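Asks: Got these off Swiss-Prot a minute ago, pasting:
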- ASN54: N-linked glycosylation site (CARBOHYD)
- ASN71: N-linked glycosylation site (CARBOHYD)
- ASN77: N-linked glycosylation site (CARBOHYD)
- ASN134: N-linked glycosylation site (CARBOHYD)
- ASN178: N-linked glycosylation site (CARBOHYD)
- ASN252: N-linked glycosylation site (CARBOHYD)
- 1-16: signal peptide (SIGNAL)
- 17-323: topological domain 'Extracellular' (TOPO_DOM)
- 345-356: topological domain 'Cytoplasmic' (TOPO_DOM)
- 378-391: topological domain 'Extracellular' (TOPO_DOM)
- 413-563: topological domain 'Cytoplasmic' (TOPO_DOM)
- 585-598: topological domain 'Extracellular' (TOPO_DOM)
- 324-344: transmembrane segment (TRANSMEM)
- 357-377: transmembrane segment (TRANSMEM)
- 392-412: transmembrane segment (TRANSMEM)
- 564-584: transmembrane segment (TRANSMEM)
Amino acid sequence: MLPNIILILLIRYCSCGAGSRVYEKYGKQVQLSPATTSSYREWYDSNREHSTRNNTNVDDFQTQLKKSLENTTAAYNATFMQELIEERQRYLEKLNEGQFINDQRRLVEELLDPNYYEKTVHPKRDYTRPTRVNLSMSLYQILDVDEHMQSIEVNVWMVQHWYDEFLDWNPVDYGMINRTIVPYHQIWIPDTYLYNSEELEQKKTESLMNAQLETGHWNQKKDGAKVQLMFPAIYKLSCRMDVRWFPYDRQNCTFIISSWTHDKQTIDYWPLSSTVNLGNMARNDEWEVISFEFVRVEETFKCCTAPWVMLYAHLVIRRKPLYYMINLVVPTSIITIVAVTGFFTPTSSSSERDEKLYLGINTLLTMSVMMLMVCNQMPSTSTYVPLMSWYYIGIIMVIVVGTFLATGVLAIHGQKHYNKPISDRIRKLIYNPVVEFFILSPPTSLIDLWTEFGVISEQRHSTHLDPLLLQHMDPISHTTRADPQHFFGSISSQMCDLQSTYSYTARLATITRQYTQHAKMKALRKNQYRMSMDTSQARGVKKQKMQRRCSLEWEFLANVLDRILLTIFCGFTFAVFIILIGFDSFFTFHTDSPPKTM
């Protein structure tokens, strides 16, 4: 046997290459011959490779080792075999007691040994050097956006990684293990906190699990092991809602992420990427994500001299307006148009016009209920009025003004009972070709009355001549017809002569009849009395026609006003509806965000 030849006992071989610390902890020095050492090493290496390929467990390997030792006992001298058997018995006892485990468990136990590692200590051997924490985030789902409470709730996946110089190891000493998993509460982790979270207890929002360690032995920088902490979180954070353009609003909800106790001299936060991962996000039917970007800002507070590194994650979302268009805007516009049409539909009776007032009151009640539904979703702020509220205010004003104007038209319609004709100016306004073509034509009965009473201009009358005058008129020559001046002059002169002759003949005949019919004076008086009776009947008929004319004039004026107001209000309502439907296409606006500094 050669001196100073040290062989790690069977425990080192069974642990598959443990480091010096394990040897110091469990090992023992023995002196073996070169032949013995070489033979046992060859046997161990061959059986170790065989057991590794065949995934042999510890019990099978123990049985093989026991059988091999029994077979080789006779080949060695009694002294060495006695020592080997004793060492084998001690190994079997410790193996049965569970003191020898696989490489991964041994690695974890040694890394987290309280005598070697302290989780409250900064993970840098030089404490003056800050620990760089790289942070990334993936948005999984937008759970809720509460405009009234001005908060948003999201489901995100957080990833933080940094380097810990006290957790590094050599993979050669641990079966080439480059990565392992350890409980998060047994290592140092940064106190990353969401500043604007509505939940103060972090355990209720973050589900921390295990941390992943990756050796830094192969890294040339020698920064230590890479620690990666991945966990899901449900954050409910306060978000100032800007709903002035509701339902076309865009919201910018900012995540303020930083350490609560460490400034830049201890922890330096950096975003792993400038944008948040949206690849795994579940679709939201109400909101559309426009952007989700990280911004790194160094801020100085009054409490501390050193700056604090803050990570701002700006989540910009846009509301999908289809739901509100279908359930609020379209029904409101239809109700308004129906109400306006009912207000200003021409009617002839007063009872029908009275129903318009009840229609206006019912429509106002409907608008108030629908506006209340919108107000329940809006934040209680006096800074601005949402676009949807302006829409309902405008619609309510249309209904109110329409109701008042319908009352005015009703009052105009009631003037027909006073038998007072309308003024000539108003008559000229409502009876002209423009109004007749674009708005409303007067009824035929009213035109006949206007013609009978001479209201319509003389150009609309036909000139009728007495047949006796036409019989005594001389024919007009073709030469006179060719010259318009002589034509009208000839007619005028003949008319004057004939009228003079006709008047003289008529007066002479009247005097002759008076003298010749003196005997019939009594009958004549009877005839005069009968004619006076006919005249009073004619006056009554004329009065009735005058009343009819006044009634038709006021009704026609009310109908013209109804038609004009109907066109104006329907056009206004339709224009507001089109503007609101296409508001997002007609107008563009931007959501404010803090300055981007890195």
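Backbone N, Cα and C define each Cβ position, glycine as well.
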Asks: Which has the fewest other Cβ atoms within 10 Å: ASN178, ASN252, the glycosylation sites listed?
Replies: ASN178
Asks: For the transmembrane segment (564-584) and the transmembrane segment (357-377), decide whether they are in contact, meaning at least 3 CB pairs lie under 8 A, counting pairs 6 or more apart in sequence.
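Replies: Contact between the transmembrane segment (564-584) and the transmembrane segment (357-377): absent.
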Asks: With a Cβ cut-off under 8 Å, give me the same-chain residues at least six positions beyond the ends of the transmembrane segment (357-377) that come close to it.
Replies: 147-148, 246, 328, 331-332, 335-336, 339, 342-343, 386, 388-389, 392-393, 395-396, 399-400, 402-403, 406-407, 410
Asks: Give me the Cα-Cα distance between ASN134 (N-linked glycosylation site) and ASN252 (N-linked glycosylation site), rounded to a whole Å.
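Replies: The Cα atom of ASN134 (N-linked glycosylation site) is 24 Å away from the Cα atom of ASN252 (N-linked glycosylation site).
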Asks: When the topological domain 'Extracellular' (378-391) is classified with DSSP, how many of its residues are helical, how many are strand and how many are coil?
Replies: 5 helix, 0 strand, 9 coil
Asks: Quickly jot the same-chain residues contacting the transmembrane segment (392-412) by Cβ under 8 Å, restricted to those at least six beyond its ends, or write none.
Replies: 332-333, 336, 339-340, 343-344, 350, 353-354, 356-357, 360-361, 363-364, 367-368, 370-371, 374, 385, 554, 557-558, 561-562, 565, 569, 572-573, 576
Asks: Apart from its near flanks, which chain residues at least 6 from the ends of the transmembrane segment (324-344) lie with a Cβ under 8 angstroms of it?
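Replies: Cβ under 8 Å, 6 or more out: 246-247, 355-356, 359-360, 363, 366-367, 370, 373-374, 388, 391-392, 395, 398-399, 402-403, 405-406, 409, 561-563, 565-566, 569-570, 573-574, 576-577, 580-581.
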Asks: Cα-Cα, whole number of Å: ASN178 (N-linked glycosylation site) versus ASN252 (N-linked glycosylation site)?
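Replies: Distance between the two Cα atoms comes out at 42 Å.
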